[in-house]
Amino acid sequence: MSQKERTASTDDPRVNWHLEDDSLPSVEIPVQVGKPRSLKANVIWTLCGNFIYAFSQWAMLVCIAKLGDPTMVGQFAFGLAVSAPIYMFTNMQLRSVQATDAKSEYRFSEYFGLRMLASVAGLLAVCVVSARSSSMRTTALVVFGVGLAKFMESVSDVIYGLCQKHERMDSIAISMSIKGLGSVAALVGVLRYTHNLVYAVLAMAGWWALLLLFVDLRWAHKFAQIDPADQGTIIPSFERKILFSLGVLALPMGIQTMLASLTTNIPRYVIQHDMGAAALGLYAAMAYFMLAGHTVIAAVGNSVQARLARHWQQSLPLFRRLLVRCAVFAFGMGALAGVIALGAGKPLLTLFYRPEYAKNHNAFTVLMFATGFYYVGSMLGAGVAVVRRFWLFTVLYASVPLVALTSSIVLVPRSGLMGAAIATLIFCVANAVVPMIVIAQAYRQRVGALPGVAPLSEPA
């Protein structure tokens, strides 16, 4: 059901409800609302926000290790391992779906309502899984605390989608920076004072709740006021027909996200089974470099999504040109990483880790070349959200974990970590090819509906 079909009268309480300025404590956000930032500014802001938040996540692990013991680190890691896949599914990538909703088919209040329901379901699932998978009460409470924090993060994430739709990545970066640095301070302060990880994790969750209330919701209110589709309302809408329609649209993205997480971890499962924990540690340390550069790719992808969506509706040549440039940039970053690993893999592994890691520098080089395809797949994922072929993408993407599983089972027992690296390269290629197929098909269909537009195979 389109936005035009659902234009409400003034008697519709969903339209008339407004969040007055005095309904929340006054917090001044020192950024002008309403004027989109340039693409360059959005990329820079997103890079800064992602870097600060990623650094904060790493700092929390280091601080737990320094102030606590290995058991605490394991409990915290277990909490993340339990909650992350669950919320990946329940989030259904609504942020990307909303940011690329160029025709405003759904209001923010409807995205907000679906996210609230899904997040509550996610929190309940975390509680059930933690209770059943851990016999230790303390571990279960830590998992609950992490799940509660992820609940707050999930609600903030859908507000980030509204900011992203308006091309205001600065607001997201500010929120993520405050969240990251504040969570480190809260967790470390409470852990140092109480030596109790449960209290520390709950303090982190409390900080994220305060951020949601005093910063993120106020951003949502400001953007809803200037968006004709939202008409000033941010109260969650729970109209069943609309939420069902939106859920059907976004559900495949939740499934795809889970499949992507599974795919990335399949070589690790096989290494653990065939070679043991020590070998897995070597592989995981080398593979971490793939994620380091992904901070840049995620920043660019998130920054261009709203603009890609606008080009998809208004100018297919501009859409094609921007998406191709982003994909070339992503592949170039991966190729550069491969060249650096080829020439300096040994000293890099020795510098960042220990000499025993450098013995696998050839596998490290293969992993770094695989990042080119991995980054292209991630970048093209932004394009899939724009063309909105979610179910087709999910069905085709189901082949990627099968490729990862088959190649890992065949190669790891024969070639060890080099086999795992080659298996990673193979599934990264598949990870890039699938969104290419989806976008190409959608582009051809749209060209057929719009005479005069050049086919995808012709130069822009």
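Glycine is no exception: its Cβ is also placed from the backbone N, Cα and C atoms.
According to TrEMBL, the protein carries these features:
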type	residues	note
TRANSMEM	43-67	transmembrane segment
TRANSMEM	73-90	transmembrane segment
TRANSMEM	111-132	transmembrane segment
TRANSMEM	138-160	transmembrane segment
TRANSMEM	172-191	transmembrane segment
TRANSMEM	197-215	transmembrane segment
TRANSMEM	242-262	transmembrane segment
TRANSMEM	282-301	transmembrane segment
TRANSMEM	322-343	transmembrane segment
TRANSMEM	363-383	transmembrane segment
TRANSMEM	390-411	transmembrane segment
TRANSMEM	417-440	transmembrane segment
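Proximity of the transmembrane segment (111-132) to the transmembrane segment (322-343) is not established, fewer than 3 Cβ-Cβ distances being under 8 Å for residue pairs spaced 6 or more apart. Residues 37, 73, 76-77, 169-170, 172-177, 179-181, 183-184, 187-188, 191-192, 195, 197, 200, 204, 295-296, 298-300, 302-303 of the same chain lie 6+ residues outside the transmembrane segment (43-67) yet bring a C-beta within less than 8 angstroms of a C-beta in it.
Using the rule of three or more Cβ pairs under 8 Å, pairs at least 6 apart in sequence, the transmembrane segment (138-160) is in contact with the transmembrane segment (197-215). Comparing 172-191, 197-215, 242-262, 282-301, 363-383 for CB pairs under 8 angstroms to the transmembrane segment (73-90), the maximum falls on 242-262. Highest Cβ pair count under 8 Å relative to the transmembrane segment (282-301), across stretches 172-191, 197-215, 242-262, 363-383: 363-383.
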